Amino acid sequence: MAENTQNPAAGTAPAKPKPAVPGAAKPAAPGAAKPAAKAPAKPAAPAATAPSGVYKPPVDRPDPNPFKDSKMSGVASWFQERFYVLNPIIDYMKHKEVPKHRLSFWYYFGGLGLFFFIIQILTGLLLLQYYKPTETDAFSSFLFIQGQVPFGWLIRQIHAWSANLMILMLFIHMFSTFFMKSYRKPRELLWVSGFILLVLTLGFGFTGYLLPWNELAFFATQVGTEVPKVAPGGAFLVEILRGGPDVSGETLTRMFSLHVVLLPGLVMLVLAAHLTLVQVLGTSAPIGYKEAGLIKGYDKFFPTFLAKDGIGWLIGFALLVYLAVMFPWEIGVKANPLSPAPVGIKPEWYFWAQFQLLKDFKFEGGELLAIILFTIGGVVWMLVPFLDRQASQEKKSPMFTIFGLLVLAFLLINTYRVYDSYVLHLPK
């Protein structure tokens, strides 16, 4: 039998207690309250991060509308609460100043040009209600406006006269700006945008001249669109403008679309840029006036200068109505492409100087030479602010003053020559 080696007392001996684990909780005494369960610790809130994961510190943003509790009148407060974002612009205009000196009078012609442009838009919209841009109906629609529409004759006359006055004001504004050297640094782009506005305005005059579809306008357009043919690529452009080899009903519709759609849109864009530059850059005094003490003070642009500008607008409107009533433009007779051209065909007065130069250059290649001279002269005139380095340094530049006088003399003398030949002494 195998020997039993186990200790008989081994089954009854108590087991030794295990040593306590450091940090372990002790058992609660009998009857003692159970300790509260420890809530799990919340993780720390992550720092504010952008969607890309870049940390951005919190920003204390002010009330987006600090004027909502304004104590102004009810109407003013209502508008101020909704258009408060414009307040910085209004404050800027309140602090904007215009220098006063003996030549300040010339500052108002730019505003008059803008006023007559607004008149053009308003009267043009009224005329559009009745005008029909077709070869068969254009002239008769003018007769209807003139004779049947209430005050239609007055609207047409105001539209015609405001177009001429607008161009006249722009010429005066351009030359007064030139001789005061207001184009100098940093106003170069102000001059360039003004020159572009003048060119677009002349385009208004050229495209609107044909719209009555009378005999004089028809043959003047025929002659005027012949001139660019001598230039390289000119024949192609003329055919696009005319809608064919000759002036026809297609030409009328194309002139109409240019006059009421394309040119107004371009003028609005350039005019917005021009007026913005005027506000940002301010009004310039002639060279040396500040140093010589010739500036008598400054007018607040708002409301003082604008109030004076408004007085000029009222005077301009009175002159416009007087001319429209006392010196009405005639309608003439309906255009007949098969009839011979009448005696004394000429463009509008603002093209007379160029028209006279074309007449003077009757030799072979003369028309092309005249076009080249017009183009070079226009480019040089537009780039004057960049060419006149002395004016940019606040120094007088007599050479450019002489250049401006020569240009003005060319325009005035040739304009008078056409007036003398075609108005005063036109053979009957």
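Yeah, the Cβs are placed from backbone N, Cα and C, and that goes for glycine too.
Per Swiss-Prot, region 'Disordered' is recorded for 1-67. Residues or ranges marked as compositional bias 'Low complexity' in Swiss-Prot: 21-51. Feature annotation from Swiss-Prot assigns compositional bias 'Basic and acidic residues' to 58-67. Summarising the annotation, Swiss-Prot assigns transmembrane segment to 108-128, 160-180, 191-211, 258-278, 310-329, 367-387, 399-419. The annotation heme b b562 binding site is assigned in Swiss-Prot to H159, H259 on the grounds of sequence analysis. What Swiss-Prot lists as heme b b566 binding site is H173, H274, and the listing cites sequence analysis.
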Paired segments the transmembrane segment (108-128) and the transmembrane segment (367-387) in contact, 3+ CB pairs under 8 A: no
Conformational class of H274 (heme b b566 binding site) under the three-state DSSP mapping: helix
Recorded stretch that, among 160-180, 258-278, 310-329, 399-419, has the most CB pairs under 8 Å to the transmembrane segment (367-387): 399-419
The transmembrane segment (399-419) in contact with the transmembrane segment (160-180), cutoff 8 A, at least 3 CB pairs, sep 6+: yes
For the transmembrane segment (310-329), distant same-chain residues with Cβ under 8 A (at least six beyond the ends): 108, 111-112, 115-116, 119, 153-154, 156-158, 160-162, 165
